[in-house]
Structure formats: C-alpha cells, structure tokens
Amino acid sequence: LASVQVFLCCLLAGLSICWFNTVCFVLCISNFPANRSLALSLTVSFNGVSAALYTLAYNAIHPASPELYLLLNALIPLIISFTAIIPILRQPPFEPLPPDGVRRDSLMFLLLNILAALNGVYLLLFESNSSDVTFARLLFGGAIILLILPLCIPGLVIARNWYLRTIHTSFRLEGSGFILVDPDELELHKGMLAHEANRESYEDVVQNHVKTIASEEGDADELLITRGQLEVLGTEHSLKQLLCRADFWLYYIAYFCGGTIGLVYSNNFGQIAQSLGQSSNTTTLVTLYSSFSFFGRLLSATPDYIRAKFYFARTGWLAIALLPTPIALFLLASSGTASALQVGTALIGLSSGFIFAAAVSITSKVFGPNSVGVNHNILITNIPIGSLIYGFLAALVYDSHGSTGIKSVTDSVVCMGRGCYYLTFVWWGCLSVLGLGSSLVLFIRT
C-alpha cells in the first residue's frame with residue numbers, strides 16, 4: 001500500500017510540475033516581451049534553491065517529524081499559487097512599453113537578479129548548518145525576509161510614480177509664460193511616438209523582405225524558408241512545422257546530449273560517490289551541484305545585460321554552455337579523486353543550470369513566442385527518454401562490474417572502484433560532444 005501511495009504522489013507531482021512550469025513560462029513570455037529572457041531566468045533560477053528552503057523550514061519547525069516535510073510540500077505550493085493568482089487575474093491589458101519603460105524594467109530585473117543571488121548564497125551556505133533548532137529558526141526567518149524583499153520593488157516603483165505625479169512637476173517655456181505639463185502625459189506621448197515609429201519601421205522592413213523573398217522564390221507562402229533553413233527567427237511554428245524543421249532536431253539533440261545528461265548525473269550522485277569511496281561527501285556534492293546549477297540559471301540572463309556591448313546569438317550561448325559538460329565527464333573518467341569529483345560536479349551543475357534556464361528563451365526566440373507552451377514541452381520530452389536510456393546504460397556498466405563488488409545486507413551488489421562508472425563517463429562524454437557539435441551547427445544555421 002505504501003509503495004502505491006508513493007507512486008501516486010510521484011505521478012501527481014510530475015504532472016503538476018509540467019503544468020506549473022508551462023504556465024509560468026507562458027506568463028513570463030506574454031507579460032514581458034521585451035525582457036522575456038530576464039523574467040524566465042529569474043523564474044527558473046529559484047527552482048535550484050527550493051529544496052534548500054524546504055529543508056530549512058523543516059529543520060526550523062519540527063526536524064523530528066518526517067511527515068512535516070510531506071505536509072510542507074503539500075501546503076506551501078497551494079498557498080503560494082492561490083496568492084499569486086490574484087494579481088495575475090487582475091492584471092491590466094497588455095500594452096507595448098516605450099523605450100524608457102523597457103529600460104526601467106531591465107533595471108528592475110537587474111535588482112531582482114541581485115536579490116535572487118543573495119537568496120541563493122544564503123540558502124545554499126546555511127541550509128546544511130541548521131541542525132540546532134534555535135539557529136535553524138533564525139536562519140529561516142532571515143530566508144523569509146530575503147524572499148519578501150523582491151516584493152518591495154513594485155512598491156518603490158509606485159512611490160516613484162506618485163512622487164513624479166504630485167511633487168516633481170515639470171515646466172516648459174512657451175512664449176512669455178510657463179505651461180504645466182503632466183509628466184505622465186509626456187511619457188505617454190513619447191511612448192506613442194516611439195511605438196508608431198517602431199511599427200512603421202517594422203512594416204517597411206517586413207514589406208521589403210516579403211518582396212525580396214517572393215521575387216526570388218516566386219511563392220509568398222515559402223518566404224520564411226530558404227533551402228530548408230529559417231530565414232526569420234521568431235516565426236510561429238505549429239506542431240507539424242516544428243517536427244519537420246531540421247533546426248528543431250539539432251536543438252533537440254543538443255538538449256538531449258547536454259542538459260539531460262547533467263540531470264541523469266545528479267540522479268546518480270549516491271552510487272557515484274559510493275563507488276569512489278566518497279559516501280561521506282554525498283551531501284557536499286548535492287549542495288555543490290545545486291549551488292552551481294542555481295548560478296548557472298542566473299548567468300543565463302547575462303547575454304541580455306551585455307547585449308549593447310557584445311552581441312552573440314542565443315544559440316551560440318547554448319553551445320558555450322554545453323562546453324563544460326564533456327570536459328567534466330572526461331575529467332571524471334580520467335581521475336577518481338575527491339577533487340576531480342567535486343570539480344566535475346560543479347562544472348556539470350553550472351552547464352545544466354544555464355541550459356535549463358536558457359532553453360525556454362531559445363525556443364521562444366527561434367520558433368515563436370506564442371507557441372512556446374507546446375513547442376517547449378515537445379522539446380523536453382528528451383528528459384524522460386534520456387533519463388531512461390542514460391540510466392539504463394549506467395546500470396548495465398555498474399552491474400557488469402558486480403564481480404568486483406560486495407554483497408549488501410539485502411543481497412544486492414555494491415560496486416566499488418573507478419571501473420563502476422568509467423565506461424559510463426566515457427559514453428556520456430562522447431554523447432555530450434555530439435550535443436556540442438549539434439549546437440554549433442544550429443548556431444551556424446541561425
């Protein structure tokens with residue numbers, strides 16, 4: 001009966017996570033079109049510290065009760081979701097932001113990313129040092145304060161607008177007198193002019209592009225495709241168009257042989273550490289992976305902050321993010337020391353975290369923002385498929401070295417030594433090189 005309950009809990013949790021993530025991604029993309037990647041990286045980054053927050057809450061309330069952990073997992077998401085749905089349902093209709101508004105939002109996201117980094121450092125440094133109940137409660141109180149701080153930023157924006165509206169009145173000289181000008185009307189007027197100019201410029205570009213392609217291809221329906229290659233990024237793709245696009249399958253292979261390998265590696269922490277005689281350091285490895293994964297997710301917003309000085313396509317950043325994975329896996333295959341294990345774990349966490357956060361933005365940028373909910377879920381079907389294939393490969397190698405292992409109390413074989421995962425690391429490293437090559441081809445094509 002207990003196994004059936006655990007199975008149903010895992011099934012419902014898996015379904016819930018997919019639904020919840022998709023809704024969050026769609027909300028970020030639809031509400032922050034000019035800063036969607038910043039919003040996505042911020043949203044995804046907190047996934048890396050949620051486990052640390054739950055553990056801190058568990059240690060602070062009643063660490064002797066395992067049932068409390070399940071209760072927290074049941075209640076906290078429910079309460080937070082109902083709280084968050086109120087502003088979501090009451091939000092005003094979307095209107096394009098003027099350039100000043102886009103810059104202001106970018107600044108706000110920068111502040112939010114700094115606060116998120118502080119949250120991550122705080123949780124991941126102190127989560128494992130909270131064995132004492134009193135100390136754990138102090139740490140938990142500090143974590144709550146840090147989590148509430150981002151909610152103060154909208155209040156600062158409202159206060160600034162009130163100040164500009166009521167105290168800081170603008171004047172302009174016209175003829176022989178002064179005329180009062182409402183700063184909100186000025187901003188609205190400038191925004192309307194900027195929006196109209198952008199729209200006219202965009203229409204001119206599109207019309208010229210349509211005429212050029214139509215004259216070359218002779219068919220306006222094929223204006224976005226040149227020799228099977230994307231001509232314009234961000235074009236909306238239906239499911240059929242997506243599955244027929246070579247760029248999508250290159251992207252799929254890059255993710256399948258990159259981020260998914262990092263996920264499967266994290267699922268095998270226990271056995272990997274045990275086989276190398278590092279069982280006592282398993283908690284350290286989990287914390288190391290979580291922290292670097294968190295900062296990798298935050299780093300996925302870096303291209304947007306340096307875009308004005310150094311522009312690089314998002315698919316190029318994906319290729320750069322995949323590079324640490326094969327380096328780490330070949331390092332693990334060549335050395336079984338504790339330092340190599342820690343360095344490899346940190347590199348894989350950094351790489352996979354960046355990929356998880358950047359993937360939604362890449363899907364939106366390449367295959368269209370309106371269809372990202374469907375398209376990205378098609379992309380991440382590689383996660384269960386890869387988990388099954390890579391996990392089965394690791395199990396075969398592990399069991400093949402069972403003759404060098406020892407029998408446990410339950411008569412299962414525990415493999416000890418570098419050989420338990422040596423071939424697995426080599427195979428995973430070769431597959432990650434394939435993913436890196438696929439991402440480079442995708443970068444060249446886009």
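Just so you know, glycine gets a Cβ as well, placed from its N, Cα and C.
Among the features that TrEMBL reports, domain 'Nodulin-like' is placed at 4-154.
Annotated transmembrane segment per TrEMBL: 6-30 (among others), in sequence order.
Distant neighbours of the transmembrane segment (37-56): 24-25, 28-29, 31, 69, 72-73, 76, 106, 109, 112-113, 116, 119-120, 123-124, 126-127, 130, 136, 139-140, 143, 147, 290-291, 293-294, 297-298, 300-301, 303-304, 314, 353, 356-358, 360-361, 365; these residues of the same chain sit at least 6 beyond its ends, with a Cβ under 8 Å from one of its Cβ atoms. Residues or ranges marked as transmembrane segment in TrEMBL: 37-56 (among others).
Within the chain, the transmembrane segment (68-86) has long-range Cβ neighbours (under 8 A, six or more residues past its boundaries) at 16, 20, 54, 57-58, 61-62. Per TrEMBL, transmembrane segment is recorded for 68-86 (among others).
Within the same chain, residues 35, 38-39, 41-42, 45-46, 48-49, 52-53, 56, 139, 142-143, 146-147, 149-150, 153, 157, 287, 290-291, 294-295, 298, 301, 305 sit at least 6 positions outside the transmembrane segment (107-126) and bring their C-beta atoms closer than 8 Å to a C-beta of that stretch. Per TrEMBL, transmembrane segment is recorded for 107-126 (among others).
Residues annotated as transmembrane segment in TrEMBL: 138-159 (among others). Panel annotation: around the transmembrane segment (138-159), residues 53, 56-57, 59-60, 104, 108, 111-112, 115-116, 118-119, 122-123, 126-127, 129-130 of the same chain, lying at least six beyond its termini, place a Cβ under 8 Å from a Cβ of the stretch.
As annotated by TrEMBL, domain 'NFD4 C-terminal' applies to 236-446.
The transmembrane segment annotation in TrEMBL covers 248-266 (among others).
Sequence-distant contacts of the transmembrane segment (311-333) (same chain, at least 6 residues past either end, Cβ-Cβ under 8 Å): 37, 251, 254, 258, 261-262, 296, 300, 303, 340-341, 343-345, 347-348, 350-352, 354-355, 358-359, 361-362, 365-366, 421-422, 425-426, 428-429, 432-433, 435-436, 439-440, 442-443, 446. Residues or ranges marked as transmembrane segment by TrEMBL: 311-333 (among others).
Listed by sequence, the residues of this chain that lie at least six past the ends of the transmembrane segment (345-367) yet keep a Cβ under 8 A from its Cβ atoms are 25, 29, 36-37, 40-41, 44-45, 47-48, 230, 233-237, 242, 245, 247-248, 251, 255, 258-259, 261-263, 265-266, 269, 285, 288-301, 314-315, 317-318, 321-325, 327-329, 331, 375-376, 379-380, 446. Among the features that TrEMBL reports, transmembrane segment is placed at 345-367 (among others).
Annotated transmembrane segment per TrEMBL: 379-398 (among others), in sequence order.
Marked as transmembrane segment by TrEMBL: 425-444 (among others).
Counting Cβ pairs under 8 Å to the transmembrane segment (425-444), the stretch among 6-30, 248-266, 379-398 with the most such contacts is 248-266.
Non-local neighbours of the transmembrane segment (6-30) in the same chain are 36, 39-40, 43, 77, 81, 88, 94, 360, 364, 369, 372-373, 376-377; each lies 6+ residues outside the stretch with a CB under 8 Å from one of its CB atoms.
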